[in-house]
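Colleague: My questions all concern the structure below.
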């Protein structure tokens, strides 16, 4: 059956700021306390979406979350009206305010893990929400992510959206950022590669930075998504690269159809994995980048592998890259050599995503890949599909509501909270989502 990959990109939230919340993500740590520009950030993302949609790659949007997230502060014992809570936490525990104001839901590669209908035992598209257990600010995301996905993939005859795994470290799950699918045509059965950083009975794990994904979680997600057991491979990421800042597999590898583009040090027992894939995937091609050409540290600094690898109509592939790759002489030299060689990657497109990149999120972080047949695509909420009208509407919406300068101190401004809620109210109507946010369901609580 004919199917296409649709990229659902996350809209950057109104509270996008640099707080250094993500230990193990070196860009996040390095840019802590810098001044951010939320309006520029959301527009950089929109420009990428529109450019790819115009080039014939189906695009859709996933909205941001409600931030600052007052219900989480109430859970932490802060009381009073919303405004009083903001004031208290800003004075008493500003780090909590930063955490509940994080715009991290924009990195929708961590929203869920997707199984296309061609791989599922019941013939439906499955999406399992990620619990993002390793970081407090990300563990807040799962309930609203689930509500958003249910509002987008609302036809239960075509889609199954599963709640996140229990919030325990043993089942730490980071979503599609640790998942690849390889195969031929999108509509044919593929091989799903689940990548983990640790497992309970295995002493091999990173020493410096946390391994966020457990094998136990990956196995549970594969079961929930009803992936045919004959079409699954579980592989461990190299713990040494996790300790060099590769906090998700999509910082060191990207796949599309029959191609796996990765660093030579990406996986533990990499030769064994490559041989497995060669046996299981017709026409499989591994493009392994040697450390002598691009070091792991340069790959992390430029997000070479946090790129999008997209299939064009002629069978060739386009590599979508952040501008940092072009700015790095060695990486850019390697890339120009790559596209000149005999392999499916024949073209590159560079985007300026500096606002997201400074928090450790490149092109691949910003998108959730969903393979859909034509019938399934028609069943998706049509209001989220990117086109000229939506691009114009979202730019106008951003101009109206987004600030062009934000610091950690601004997060305590009650106006920011009100602006955000008004903006999301408007957005849910624009995207026909219904009442997906807690403030819409309970009213803006006064205490």
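Glycine is treated like the rest: Cβ placed from N, Cα and C.
Annotation source Swiss-Prot lists substrate binding site at 19-28, 110, 137-138, 212, 250, 359. According to Swiss-Prot, the feature active site maps to 174, 248. Per Swiss-Prot, the feature active site, nucleophile maps to 365.
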Colleague: If we count other C-beta atoms within 10 Å, could you say which of the recorded positions 138, 174, 250, 365 has the fewest?
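Modeller: Lowest Cβ count within 10 Å among the recorded positions (138, 174, 250, 365) is 138.
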Colleague: Round to a whole number and give the Cα-to-Cα distance in Å for the pair residue 248 (active site) and the residue listed as 'active site, nucleophile'.
Modeller: 10
Colleague: Of the recorded positions 19, 21, 110, 138, 365, which sits closest to residue 174 (active site) by Cα distance?
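Modeller: Closest by Cα: 110.
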Colleague: Reduced to three states, what secondary structure does DSSP give residue 248 (active site)?
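Modeller: The three-state answer is coil.
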Colleague: To the nearest Å, how far is the Cα of residue 365 (active site, nucleophile) from the Cα of residue 21 (substrate binding site)?
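Modeller: Cα of residue 365 (active site, nucleophile) to Cα of residue 21 (substrate binding site) measures 16 Å after rounding.
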Colleague: In three-state terms from DSSP, label residue 21 (substrate binding site) for me.
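Modeller: The three-state answer is coil.
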Colleague: With every protein chain in view, what's the tally of Cβ atoms within 10 Å of the Cβ of residue 19 (substrate binding site), excluding that atom itself?
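Modeller: Cβ-Cβ neighbours of residue 19 (substrate binding site) within 10 Å number 25.
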